[in-house]
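Q: Dropping the structure in here first, questions after.
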Amino acid sequence: MTQWIAGNWLAGKGEAMNSLNPFSSEEIWQGDAATAEQVEQAVSAAREALTTWRKTDLSERQAVVEKFAELVKEHSEHIAHTIAEETGKPLWETRTEAGAMVGKIAISLRAYHERTGEKQKDIAGTAAVLRHRPLGVMAVFGPYNFPGHLPNGHIVPALLSGNTVVFKPSELTPKVAQETMKLWEQAGLPKGVLNMVQGARPTGEALAGSKGIDGLLFTGSANTGHILHRQYAGQPGKMLALEMGGNNPMVISKSYGELDATVYTIIQSAFISAGQRCTCARRLYLPQGIEGDAILNRLVEATAKIRIGGPFAEPQPFMGPQISERAADGIIAAQANLVSLGGEVLLEAIRGQGAIVSPAIIEVSNVAELPDEEYFGPLLQVVRYQDLPDAVELANDTRYGLSAGLVSTDDSEWQYFIDNIRAGIVNRNRQLTGASGDAPFGGPGASGNLRPSAYYAADYCAYPMASMEGEQTELPAQLSPGIAL
């Protein structure tokens, strides 16, 4: 039973699916995808449940969400184990994701009251009241890299605001999604308030194209996001929020400070989660001369020693595999393409067991036209620059704009950087993948259009209703011209 529709676990009626552990290639889940008809059943169930859920007192909605948070905390080790098993990420890392699921719920509760609650003030004897109302039926598309944490950051705010939801997880992480839905079921969520449809592209297309949804929250690739954007053109009545990827630049100044701390920050930025975070550094800008040489030599040396392995190996690895062998092959192909364009391999990506790919560092300063691509894996491109304005100009040469970073102890350099860089998340002397749940997450250009995560997700799950209210009608001392009573 792979679909959760109207509070019932159902078998899919579409094509067969399975999920493999990307390290061992062992099958860990199997089922059948939802058909277009089943997707419509889920949307209809959500529409029917909306009538009651939107008028359910906030305290009751909040109680269900808080019960879910308790269950996530209680079962955090099981969740972490399932994420590790299905994504291949090391268990130490997936434990942090399970913890983040609980933390994001607390943020969402606070955000509801601060951003979409009810506010009132008096204006010349009239009550000016701001209320918020749910959008309706929301579709949530989840990614595979954080299959528990990221969908949670959309589903929880949507439910708190009184929306009902149809969730379509990544077809690469169906088991994590299924285990998470079981916790929602245990939390006492009424039937139809949250539904899940499993499947690949046909299932996603059916959900995105359903006339019964009022909004769609998407986290995933730029290519898929752009397809959705075109699909929703001419439909201003539907809310579409896209969180996509980035070709993220990291600039290292000559005034970088301590060498090993800088190298560690680069490694954490480029190779955490085997490079499968949308904020990972893809392009590294190093100064020409001995300062840049020292960093590059130490970086290659340290990266070559990174421990890579299965999710449950002891001692724990820093990196696991790519999500699939297809994804792993894509990184090897990207490396070959950069070499064909004139890139020099300083550290070669090599295929290992399952979907393992070792880190690659490629010098691409002599590549005439560097492809503006998000290589979603452990592939770091190195470019040498002359001065900071040169580095920032090169860093901004991308259609994306998700994250960027500067390593520098010089305050004036940091001021120049934040005044001129084009990105939504900009860090100084910290890894690019570090972001606060209280801050907007996203960026301009091909990286997305809104910021519907964590604290700011509340803004995209409810619409504001503004009212001017008086106890009774009033006749002014002076009537408007042209009116006689």
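Placement of Cβ uses the backbone N, Cα and C atoms for every residue, glycine included.
Annotations per Swiss-Prot:
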{"type": "BINDING", "residues": "Gly220, Ser221, Ala222, Asn223, Thr224, Gly225", "note": "NAD(+) binding site"}
{"type": "ACT_SITE", "residues": "Glu243", "note": "active site"}
{"type": "ACT_SITE", "residues": "Cys278", "note": "active site"}
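Please go over these features one by one and say how buried each is and what sits next to it.
A: Under 8 Å, Cβ to Cβ, and six or more positions away along its own chain, Gly220 (NAD(+) binding site) finds Phe141, Pro143, Ser170, Glu243, Met244.
Of all the Cβ atoms in the protein chains shown, 26 others lie within 10 Å of the Cβ of Glu243 (active site).
When secondary structure is read from DSSP and collapsed to three states, Cys278 (active site) falls in the coil class.
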Q: Residues other than Gly220, Ser221, Ala222, Asn223, Thr224, Gly225 within 8 Å, Cβ to Cβ centroid, of the NAD(+) site?
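A: So the additional residues around the site are Phe218, His226, Ile227, Met244, Gly245.
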Q: Which one is closest to Cys278 (active site) in space, judged by CA to CA distance, out of the binding-site residues Ser221, Thr224, Gly225?
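A: That would be Ser221, the closest of Ser221, Thr224, Gly225 to Cys278 (active site).
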Q: Sequence gap of 6 or more, Cβ distance under 8 Å: name the residues on the same chain that satisfy this around Thr224 (NAD(+) binding site), in order along the sequence.
A: Gly204, Phe218
